[in-house]
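Residues or ranges marked as Zn(2+) binding site by TrEMBL: 122, 124, 132. TrEMBL lists 199, 252 with the feature active site, schiff-base intermediate with substrate. The 5-aminolevulinate 1 binding site feature in TrEMBL is assigned to 209, 221. Per TrEMBL, the feature 5-aminolevulinate 2 binding site maps to 279, 318.
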Ligand code: PBG
Ligand code: ZN
C-alpha cells in the first residue's frame, strides 16, 4: 500500500498542472541578446567559434535586429569589436564616438526606441595587452586608474543613449564609481547598472574571445575574475555590488554556477538576477546537439528552465533568436 503522505503523481498528472510547479516561467521579456558590433560597418561575418552568430557592422544592424524585435525581442547587450590598430595600453578607443558601440547604440535607439540597449563596459576589447583594466609597470592591475576609466566609458555610453551599462571588468569599487558618474552626468534616472558581480575566471569564454578578439596577450584574468571554487567571494561580491548601487545582479557563466544564482537570489531578493549563458555554454550545447547527444530545442529549453529554477529573472543568451520563435 502506498501511504497518503507518499503521493506526488496526482500533483502533476495533468499537463496543465506542470507549469504550476514552476516559480518562474520563461517569457520573451526575460531574454537579453548579446550582439558583437564590428568596426567594419558593412560587414555581417559569421563567427567560426559560435554557430549562427555574426559580427555585425553598424550598417547591418537594422536587418539583424529588426526581425527579432518583430518577434518580441525586448533587450540587447552590445560588445564592440574595434580595429586592431586603435588598441592601446589604456583602452582609449572604448568610448570613441565613432566606434562600434556608440554608433550602434545611437542607431538602435533611433530605429527601435522601445528596445532596451545595454552596453557591456570593459577595456579588454580595446587594450593592446588584452586585460580588462589599466596595468602597473609590473603588469599587475592598477585598480584605481581602471575604475576611473571604466566610469568614464560607462557615462559616455549612457550619454549616447544606452539604457543600461554592464561592467564586466571585475575591478573593485567600479559600481559606486559608475553610479556616481551617472548621477553627475544627470542620467541616473534613465540608465540602469547591471553588475557582473559573480563573474568567474572560466574556461567557457574562449569562443567569445575569438569573436571579440579580446584575449589577454600575456597572463590571464585570474587575479580579478573570481576563482571558480569560491562561493564566499561570490557572495561578498554580490553584497558589495548591491551596496554600491547595482540595479541588477549578474552571475556568469550560468550552467556551472547555478548554486551561485540561487545565492544571488537569496542575498539580493529585491533585485532582478541575471544569468549569462556564455559563449562556451552556447557552443557546447550546439555541438552536443550536432553530435546527436540530444535534440537542440528541448536541451536549450531545459537549460533555460534550470536557470530560472535556480532563481534568475533575466537570461542573457545567444539562443535568443531561436527562443523568440519557440516561445511564439
Ligand atoms: C569582457 C567579457 C567577456 C565576456 C563578457 N564580457 C570575456 C572575458 O571576460 O574574457 C564573456 C562572454 C561570453 O563568453 O559569452 N570582459
Ligand atoms: Zn574584459
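Glycine residues also receive a Cβ, built from the backbone N, Cα and C atoms like all the rest.
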For residue 209 (5-aminolevulinate 1 binding site), the three-state class that DSSP assigns: helix
Recorded positions (199, 209, 221), the one with most neighbouring Cβ atoms at 10 Å: 199
Those residues of the chain, 6+ apart, with a Cβ under 8 Å from that of residue 122 (Zn(2+) binding site): 94, 132, 150, 167, 168, 169, 214
Packing count at residue 279 (5-aminolevulinate 2 binding site) (other Cβ atoms within 10 Å of its Cβ): 24
Distance [Cα-Cα, Å, rounded] between residue 279 (5-aminolevulinate 2 binding site) and residue 199 (active site, schiff-base intermediate with substrate): 14
122, 124, 132 excluded, remaining Cβ within 8 Å of their centroid (Zn(2+)): 91, 123, 125, 127, 131, 133, 168, 169, 214
Residue pair residue 318 (5-aminolevulinate 2 binding site), residue 124 (Zn(2+) binding site) - Cα distance, angstrom, rounded: 21
Among 199, 252, 279, 318, the recorded positions whose C-beta sits under 6 Å from ligand 1: 279
Least buried by Cβ count (within 10 Å) of the binding-site residues 124, 132: 124
Secondary-structure category, per DSSP, in which residue 252 (active site, schiff-base intermediate with substrate) falls: strand
